[in-house]
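Undergrad: Next up is a structure, given as structure tokens.
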Amino acid sequence: MGTENPGRPNFPMRPSSTPFASAPPTMTPFSSSGPVVGSEASNFRPTPLGAPPTMTPFSSAGPSPPARFSDSSVPSPPITSVPPAGGPYQRFPTPPFPSTAQTPPTRAPPVGQPPFQPPASQVAAPPVSFQPPTQVPPVPMGSPPQTVNFRPSSVIASQPPSDSLFSGPRPNFQPTFPPPDLSHSATKSTFQPPFPGYPSKQAAVSQAPSPFPAQQGSFMPPPPASSSPFSSRQGSYVPPPPVAAPLGYQSRDQMQHPGSAPPIGSIQSLTEDFSSLSLASMPGSIQPGLDYRTLPRPLDGDVEPSSFVEMYPMNCDPRYLRLTTSAIPNSQSLVSRWHLPLGAVVCPLAEAPEGEEVPVINFASTGIIRCRRCRTYVNPFVTFTDTGRKWRCNICSLLNDVPGEYFANLDATGRRIDLDQRPELIKGSVEFVAPTEYMVRPPMPPLYFFLIDVSISAVRSGMIEVVAQTIRSCLDELPGFPRTQIGFITFDSTVHFYNVKSSLLQPQMMVVSDLDDMFVPLPDDLLVNLSESRNVVETFLDSLPSMFQDSVNVESAFGPALKAAFMVMSQLGGKLLIFQNTLPSLGVGRLKLRGDDLRVYGTDKEHILRLPEDPFYKQMAADLTKYQIGVNIYAFSDKYTDIASLGTLAKYTGGQVYYYPSFQSGIHGEKLRHELARDLTRETAWEAVMRIRCGKGIRFTSYHGNFMLRSTDLLALPAVDCDKAYAMQLSLEETLLTTQTVYFQVALLYTASCGERRIRVLTAAAPVVTDLGEMYRHADTGAIISLFCRLAIEKTLTNKLEDARNSLQLRIVKALREYRNLYAVQHRLGARMIYPESLKFLCLYGLALYKSVPLKGGYADAQLDERCAAGFTMMALPVKKLLKLLYPSLIRVDDHLLKPSAQADDFKNIMKRLPLVAESLDSRGLYIYDDGFRFVIWFGRMLSPDIARNLLGADFAAELSKVTLSEQDNEMSRRLMRTLKKLRESDPSYYRLSYLVRQGEQPREGLLLLVNLLEDQMGGPSGYVDWIMQIHRQVQQNA
């Protein structure tokens, strides 16, 4: 797994046997003085003695006020705890101090240090005079092996003096972010000086000396000269102090926490199976004892869960199907204690992994093999019996006959001898070619119909010109040649039809002005075969921009035009692309400027603004879906266009909403060009339906995304592509599941652009568990956040924004409280917030959702159209794209641009993501902020003028809002453009325009970037540190 931070030091992997953290420490004769707080064991399994201890018995990570060590018998921790970079830690045998009540606990290295597995040669013993008796097991020093989880220092603010260093809750902080110093070379350390322009955030640790030395990020006060009986060695840690330590340290600890010194035999049961944050504050300080630098962050982006695939290698790839936890609860009572969503996110047409194709199988003679009772398709988890004549369905357990043509003998292990030739029996994702019985009508041809607003605002913005040019440039790449069909309608105060049949030299335009009684003139000539009518279509597209250039029509008869398009398309179905610039004002479906009324926010009527105003739109969407028409909305306007109503058409037809506020072709044309071209040319599944089957005792009860539910479990999807995902929630039908494994099978029946009817089948298995801890251990944050996001956005359609945010926060708090309760009895958790390793980013993504456009703030925080458009978009996003939008990348590129060209092409090295805090921005740097929808390029105030001149040419000193980034004639500019191009290619679903901003240019800098640094307080009520403290307080209230 490696670290969660690309480019930061790589810490060794944890032992494979443990799902989250490390094994328990071995017990030594004198370490009984304090509890050993470990961190690993599923259900507290014992682990071998040699493993490293997981927790220091005292909070050594944060620098502690030296005053505490006034007693000369307690030596200060030594500086030598900083290991050489990359050198393994050394393991020291226990010194032969007798176990006495006064002895303070053994010291492990500061929490900031990485785990270690020293080679045998390095388990060096100290000088012979200190050799321990043979029966004393060695005490390994070091912090626990973690997956993507290591522990920087200066995090755990120390306990109050009365508690002494050796008492109090044992912090076990596991952030995923090393000292920021390491993110750049020493010369470019972003965090060293507080740079001009931003307040420097000093956490509670500020009373101590600088928490970040150059090494692995641990800090200790310097030791007195004679502090240690051992000569210190690099990478080593000094053993416990002499026996003369004051009695009070130990006895107070045991009085406060009876039972804190467990007998040697029982130590194994105390290992910790969770990650944690210490939230104790500094003595005399009101600051939280939490350093923002050490909080967990997804700086590697979304990491797909691997345990699922390792356990069942024949499962489909997680990019197609992700479960919120790949450990399914066996009882209703377990479900009620799992407060997170239980369900799945399905992206049926996700792009296949690099170098892999989904196999296409044609059972021409035998017909598709399916279970005769539950209709499950044959898959890798079915079993063959009776020498290969029968097969048992993995979902309903029925024995089915094997058709003669499909028969094959079984080998000695009961496996078919022809497995290698049967992809459907070894792969979790396959496509079957569907025979005629799977068709209600002949497969439809790919059909694209364009409904274009030609009112004055559309003409002035340049939208019509860009749309016409883009459609024309994509005609060769439209899928389905030579069957592809195409048609056009334009509208302003009237509706214009175009006859583009192949026998004409010029397209004919017919105008219908009777909006109340809409009819279609020449119904047979408005939809044509593109390959036959190519010349007429091109002529039409070339002349379209000039046709309306003198228009002064401000009206929009959108509703009647939509009905007309429906009449034309209803014979075949297809994709309807709507380009809308003016609020519908005439005929059916006209909308009034209900505006964004400030007084409505915070009242029970607030959510009505986010619902369609006129039932016409939902009714039209139902009719369109019934006739296999999918709608994509392209909305352009600087004024209110009621996306809440228009977006309904896309929502219920499986489409999507593209929103271009204040569109100007000179600025936004490139974005529209790319996104429209992708929409037209990406592989599309037509007239599709999707169903997901699952094993006995469980079923999917609710579905979330853009589709129409045709029956209880059948999703109607007139057009599907790789950029659409659907979420669903599971429930248990029986009080107790008796099976060991549950199976899920997604089946998408669709027409491919080539005219073949196909069924894409995705199958996965998951274990059934009886333990809540296992559910948490196998949780998938990405899938959980995808479901949370859809549930919260849906809640804003029936409740206030505040209610949606609060319900999200409440569920996170309940889940963490339930998790805390699992361990509260065996462990002294004190001021620690604990969470499973698998959910270490849950709080951060929860905060990101809380501050996301559909949910944040109130009237002043986002325009109504922007809020609704973002909601429609996020409802359909696949997991990876959603997480990128919630926690965008911030990368520094000026170093890369200055490198000699030989080293400059290593793209991975540039992609060192930084935390989204103002402290990440150095005023001498150049940064790219990338949320998957746009780039914001931030020029520091003290960035070298040469760089700015090279990138911006003559405009380098101008106000950046008026400057457009374009390639200049120099290597540095070309390199920046190559970097942006690679970033765009890594996710082509939305085109990212570059917005330039200079440090200090307000309000532009605030709106474009600072408000999006979600860990700071700017974009909402709380920053990341405050959010963690708030969640922790709520978790503790009823814990």
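Placement of Cβ uses the backbone N, Cα and C atoms for every residue, glycine included.
Among the features that TrEMBL reports, region 'Disordered' is placed at 1-268. Annotation comment: TrEMBL describes 15-30, 119-128 as compositional bias 'Low complexity'. Sequence annotations record features per position, and here TrEMBL assigns compositional bias 'Pro residues' to 106-118, 134-143. Taken from TrEMBL, the feature compositional bias 'Polar residues' covers 144-165, 203-217. Annotation comment: TrEMBL describes 368-406 as domain 'Zinc finger Sec23/Sec24-type'. The domain 'Sec23/Sec24 trunk' feature in TrEMBL is assigned to 443-679. According to TrEMBL, the feature domain 'Sec23/Sec24 beta-sandwich' maps to 685-769. Positions annotated as domain 'Sec23/Sec24 helical' by TrEMBL: 780-883. If you look up TrEMBL, you'll see 912-978 marked as domain 'Gelsolin-like'.
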Undergrad: Quick check: do the domain 'Sec23/Sec24 trunk' (443-679) and the domain 'Zinc finger Sec23/Sec24-type' (368-406) share at least 3 Cβ pairs under 8 Å, counting only pairs 6+ apart in sequence?
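TA: Contact absent: fewer than 3 Cβ pairs fall under 8 Å.
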Undergrad: Residue counts in helix (H, G, I), strand (E, B) and coil for the domain 'Gelsolin-like' (912-978), per DSSP?
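TA: DSSP composition of the domain 'Gelsolin-like' (912-978): 27 helix, 12 strand, 28 coil.
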Undergrad: Could you count the residues of the domain 'Sec23/Sec24 beta-sandwich' (685-769) that DSSP puts in helix, in strand and in coil?
TA: 0 helix, 58 strand, 27 coil
Undergrad: Treating G and I as helix alongside H, and B as strand alongside E, what does DSSP give for the domain 'Zinc finger Sec23/Sec24-type' (368-406) in helix, strand and coil?
TA: 6 helix, 11 strand, 22 coil
Undergrad: Please list, for the domain 'Sec23/Sec24 helical' (780-883), how many residues fall into helix, strand and coil according to DSSP.
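TA: For the domain 'Sec23/Sec24 helical' (780-883), the helix, strand and coil counts are 69 helix, 4 strand, 31 coil.
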